[in-house]
Structures are given as structure tokens and as C-alpha cells.
Amino acid sequence: MAQPRLGLGIHAIAKVAPSPLSTSSHLTVAMFVRRVASGLAKRAAFRPVAARPFSSSFARFDAHSDPKPGQTSNKVKPFEQIENEHDLMPSGAQPGTVPTDIDQATGLERLEILGKMQGIDVFDMKPLDASRKGTMKEPIVVRSFGDEQYVGCTGCPADSHVVNWLTMSRDRPIERCPECGSVYKMDYVGPQESHDAHGHHGADVGHADTDGSHNFGGEPKTLADFVRPEYR
């Protein structure tokens, strides 16, 4: 009896095998059919991962998205209407939804978000003016809400040298970069009365010697004290 060659289909096996079929031929055909049926059953049982089309998911997400810049919403108070800390409290998210930044942000974070929605840089984070070099007569002004301000100078034009960090305070508002010589001046725009001054001298005396660590009992002299005292 001729043996069937490997790799042939069922029809080829039927043609090669003589009639009547022997026991070994019956077993070969049965095993081949069982493998084919098992593979088809596995393919038929496959189920898609996504239970619903992505188009409906996107539509569901868009229905709860935040308003675009310039659009009004009942859960967002416009930036120009913020008057106190109570106005910076969110309304919260609806039950069963994932809260966004607008739903849960409070305080200064919410103030910054409301400003960005209207194109307002609340904390003035734009880079310093690097189009010119600051001088003693025309220094580069840096606004500050605190008693102390750090400035990173990279020269003129920008990135001319590595960053040199300068420290300015209300007692010493002017600083000069030791590498390029650019002059910076701190413009204090915060509260005019220091909280540390209340009750210590019987009256509010403003800022004079009331900011603690920002005052010095005598700074060490440098070469500028002997060459150009006005630079101090």
C-alpha cells in the first residue's frame, strides 16, 4: 500500500489511499480533521477587546470636556471677577465622573488656570529681557511679590554664558552679574506692610528692618567699595 506524502490535503490523501481504507489511514484522516476543527473553533471564540466603537467613546469624552478658551461655563468664574479666596473654590465634579483641574483646583493653582484660559500670565513667567545689558542707570527690572528674588543671568544675547544666580532683596534691590556685568533691580510689588512688624514696636513701621534674615549687620567689603562705591 502506498503511503500518503506529508503536506497533502484531505483530497490528496483520499486519492492516494486505496479502497477500502486501512486502519492507519483512518487514524491519519481523523487526526488531521481534528486539528483543523480545533483551529476553527478557537478563531470563532475570539471576541474584540473594545466592547463599543471608539467613535462613541470620543463622543462620551467630549460631552464632559472643559470649555475652550473664550467660552463661558457655569462652573468657571471669569478671571476678572475673582475678588477673594472664596471665588477660588471649585464647584466639584458630578458623581460618577473623573474630576478635571477645573473641577478640583483651588487657590493659586486655580487662579493660574483661570488666567491661562484668558491668555493672562499670572506669575509673569516670561524670560527676562536679554536684548540689552542692564546698567546702573537703566537696570533690567524684575518684579517680585516677596522680600527676596532670585534671578538667573545668561548674558546678552541669551545663553552667552552659563547661568549665574543672583539674589536680590528689599534691602539690597540691585545686583550685578559677576560674568557679564548686567545689572538687575528688584521691583517690589507685594504688600507694603510686613506681617512681622505688627506688635513688635507698638506701631506698624513698614518694612524697615522687619524682614528678619534679609537684613545684614554689615556686609564684607569687596573691591567695588574701593573702586566704585556707587555700585554697592
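Every residue gets a Cβ built from N, Cα and C, even glycine.
Feature annotations, courtesy of TrEMBL:
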type: BINDING; residues: Cys153, His161, Cys177, Cys180; note: Zn(2+) binding site
type: COMPBIAS; residues: 193-212; note: compositional bias 'Basic and acidic residues'
type: REGION; residues: 191-232; note: region 'Disordered'
So around the Zn(2+) site, Cys153, His161, Cys177, Cys180 aside, which residues have their CB within 8 A of the centroid of those CB atoms? Thr154, Gly155, Cys156, Ser160, Asn164, Pro178, Glu179, Gly181, Ser182
Three-state secondary structure, Cys180 (Zn(2+) binding site) (per DSSP): coil
Can you name the residues of this chain that are 6 or more positions from Cys177 (Zn(2+) binding site) yet have a C-beta less than 8 Å from its C-beta? Cys153, Gly155, Asn164, Leu166, Val183, Tyr184
Neighbouring CB atoms within 10 angstroms of the CB of Cys180 (Zn(2+) binding site), all protein chains considered, total 15
Using DSSP and three states only, what is Cys153 (Zn(2+) binding site)? strand
Just to verify: the residue among Cys153, His161 with the fewest other Cβ atoms within 10 Å, which of the binding-site residues is it? His161
